[in-house]
Each structure stands twice: as C-alpha cells, then as structure tokens.
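Here is what TrEMBL says about this protein:
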- 243-395: domain 'AAA+ ATPase' (DOMAIN)
- 315-339: region 'Disordered' (REGION)
- 318-339: compositional bias 'Basic and acidic residues' (COMPBIAS)
- 459-469: compositional bias 'Basic and acidic residues' (COMPBIAS)
- 459-516: region 'Disordered' (REGION)
- 470-485: compositional bias 'Acidic residues' (COMPBIAS)
- 502-516: compositional bias 'Basic and acidic residues' (COMPBIAS)
Amino acid sequence: MRELWRQMGSLMATVVFMYTIFERFFPSSFRDRLQAYAQKVANHFNPYIQITFPEFSGERLKKSEAYNAIQIYLSANSSQRAKKLKAEVVKDSQSPLVLSMDDNEEITDEFQGVKVWWSAKKVSSNPQRYNPFSYYDSSDEKRFYKLTFHRSYRDIITMSYIKHVLEEGKEIELTNRQLKLYTNNPSSGGYGYKQSKWSHIVFEHPASFETLAMDQKRKEDILKDLTKFKKGKEYYSKIGKAWKRGYLLYGPPGTGKSTMIAAIAKFMNYDVYDLELTAVKDNTELKKLLIETPSKSITVIEDIDCSLDLTGQRKKKKEEVENEEQKDPMRKNEEESSKSSKVTLSGLLNFIDGIWSACGGERIIIFTTNYVEKLDPALIRRGRMDKHIEMSYCCFDAFKVLAKNYLAVESHLLFGRIGTLLKETEMSPADVAENLMPKSEDEDVETCLENLINALEKNKEENANKKEEEEAEENFEEEKAEEESTQNKEINREKGRRRRTERVGRGESQRRIYSE
C-alpha cells in the first residue's frame, strides 16, 4: 500500500512538473490550439451534451428570463433532492420558506423517461480581484445553470423538455408571486453591474376596480381596454408595434389617480415601477432603468408636470440660445453641475416610445398630472399616451361605491338629496370619503350621510360666494377699463383741440406776416 501511494505521489509530481513546463515555455497560441484539439477528442468519446443558461444576457445588461424561470422550476423540485440548499423567506406566500439549489450543487430530473442533470455554477473571470471581506459580490462573478443529458435524447431535450421547464417555471411564479412596488435608486454609489437600479417592497395596496369610486361606464371601458391589451401579443406583432400602452391620468387633486394605478396593477397582476425623475442623472441613466424594467410591469411617473422642467424646452432653447453662447464658460459649468438631473424632454420621449422601449413586451406606462395643459403636446400625444383618462369630481355612481365601501349600504332615503347636491356642486371623491367615514362609535349611517349633506351644502354656498366675488371682480375690472377708456378718449379729445388751436394760431400769424 505504501508503494502504491509512493508511485501515485511521483506520478502527480510528474504531471504538475510537465504542466508547469507546458504553461511557461509554450506560446499561448499553441496551448489554445492544443486544448481545442484535446477538447474535440474528449467530446468524441464523451456521450453527454451540456447546455448553459447564464444569469445575464446581452452583455450583462438584462437578467435572463430563462435563468429566472429555471431557478423557480428547480426551487420547486430541488428541496427533496439537493443536499445543499439556500433558504429565502417570502412574506405572505403560499410557501413562506422557499428553498433553492445552492451554488456548485447538482440534482437530477426526469422527463418522459429521460434522465437529466442540473447544476448551479458560479465562476469568476478574474480570481485575483476576489475580495473575501467585501459585502458586495464581485462584478466579475458569473452565475449560470448547466443542463447535462445523453446525446441520444437531444431532440427530446431541446424541443420539449426545455420548453416544459420554462413554462412550468413561469406558471409557478405567477401562482406564488406577490406584487412589488419598485423605486429607482440614486444614480451615485453603484457597485458594479449587479447593483440593481431598483429597490422594492411588497405592494399590498387594497384598491381594486370594485372599490374604485368612478362612473360605472367609464370603469367598464377601462377594463375592456386593459383586457384587450393583455391578450394583444399577436395583434401588436402583426401591426409592427411594441407591445406597450400608455395611460394619462389627469384631473384635480383627490380624484383617485393613485388609486386607479393600484387597481390597474391588481387587475393585470403587474409590478409597479415608480420612477422618480429627479433621482435620474441623465438620459443614459434613464435608458438603463428601462432595461432593468421587465415585462408585465407598470412604469409610473406621478405629477409629471412637477417632476422636472419638461415644458416649453423647445421655446426656451430658441429664445436663449444667444444668451447661452455669451455666458462665461466657468459660470455655465457651475450651473450645469448644480442641476440634480439632466434628463431632457427628448430623453423622456425616447424612453416612452423610442428604439429602447421595444426591448421588452407587455408594459404599461402611466403619467399622472393635475394640470394637463402644462405638459408638452409631444409628451401626451396618441402613440405615447394612448388613452387619456380624466379623473373628475365625484358623481352619483362614485358616491354609491363609496357608501358601500365605508358604510356598507347600497340605498338610503338621503341618497336622493345627495345625488342632487352632487350635480349642483363639485367635490372630490377623497373629500366625499372623508365625510362618509365614521369618526366615532356613536356615528351611524344616517349621521355620516347627514355630515356629507352638510359638507356639500357648505361647499355649494362657498362656490356660489366665490363665483359672486369673481363676477364682481370681473365687473369691477370691466368698469375700470371702461373708465380708463373714457378718460383716454377725453385726453385724446383735449389733445386734438389743442392741436387744432395751435394750427389755427400758426395760420393767423403766418397770414399777418404775409400781409405785412
């Protein structure tokens, strides 16, 4: 036994010595060619085929959907087979503790009597840069799944099995997933390509179209539009248009624009990406955020008229181009650096429907604003914001929804009076809901409805007084303008008399001179 170990040690030392000589004295081109031939010979005798699925695709710009689907599929099948597992706690899920295969672990799977092997790999392209004390992963690390199977089953694996895995993974994700609300991280302080540009929390907004205070016909119209969009993959492909849709929600404050977004997300089962433009450094950063936004998502820019100065930029450039050229270069650089964001209207337009906007499918973009007239027409034209939805003041249909939500009543003797007042005055759904909400245990349904009636009557009286004041102010301005006009006419007449008198005086003096 000792002799055997001695021979094994000698053989290993010889192999290491020969490999060192090979690496040091033979040129790299020769080594690469020799390794390629050696790989060919090994493949000739190796009956197994390997397929890798990397975590990132497209030069690490976007996380692979195939990798994500495989990860979910294996998580559902690896907990009973793998020996090394990773655990993740998912709040309010059907499976609170999700187990997945750890790195460098391997499990087997079977499909139609064919046995395959899955392994999770993690490699570093530059091991010298590895820092064991760093909290963040090295940007040179690459993760991928490797599928191994016998070459005689190539057609079954490539034609059927991989498709089965991807479909099963997506179905499991839709069954167990939770809606998430994302916000973009500040542009500074990145940690390589793996540092996500989005942070998220679980989206647990209770709003739905059933509880949304809105006219029933308009609500049904929006639901039909969303359903048509969700089933429109082939239609959008046929007409040659990116599979996305834009919605503009506009109206006074408190009319339910944010609630509408939550209801759309819940109905479509899409994650919400709340884009804060002031935290975006420039147009390039905006494109990177778009790349990391997946399909089946809603990108929201709330109060877009207040986010950045995106209105009137064309006019400003025409009027101030000469002043910009005459500015001191140092002062100009200071002004540019002081701006928190350099996102332009052109960059935002390209974000919505430019070439990069087609890098994913089944996306919804929503803008909200209180003052639609302030927005640049190019920003909200059809094709960018395909559907304009006015979120108006509370109508009787909306009131009935709120009464059912807050008081659990569908009819009451006071409903007629409330319906009449809603036609005569304007009140937002938020204000109506606040008056309907019981403030103590002593307040019953009738008390809350009477509170709403009092608020509507007070609002009606205030609006009438305000209207009278505005009319009085307008009349005063008109009378003032008429008075000023009359005074100007008298002044002009007096000036005319003086000119005529002066001309007559000059004529008489000239006649005396001629007569003399």
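Cβ atoms here come from the backbone N, Cα and C positions, even for glycine.
Beyond the ends of the compositional bias 'Basic and acidic residues' (459-469), by six or more residues, the same chain brings 421, 424-427 to within a C-beta distance below 8 angstroms of the stretch.
Secondary structure by DSSP for the compositional bias 'Basic and acidic residues' (459-469): 11 helix, 0 strand, 0 coil. Across all of the domain 'AAA+ ATPase' (243-395), the predicted model scores a mean pLDDT of 81.
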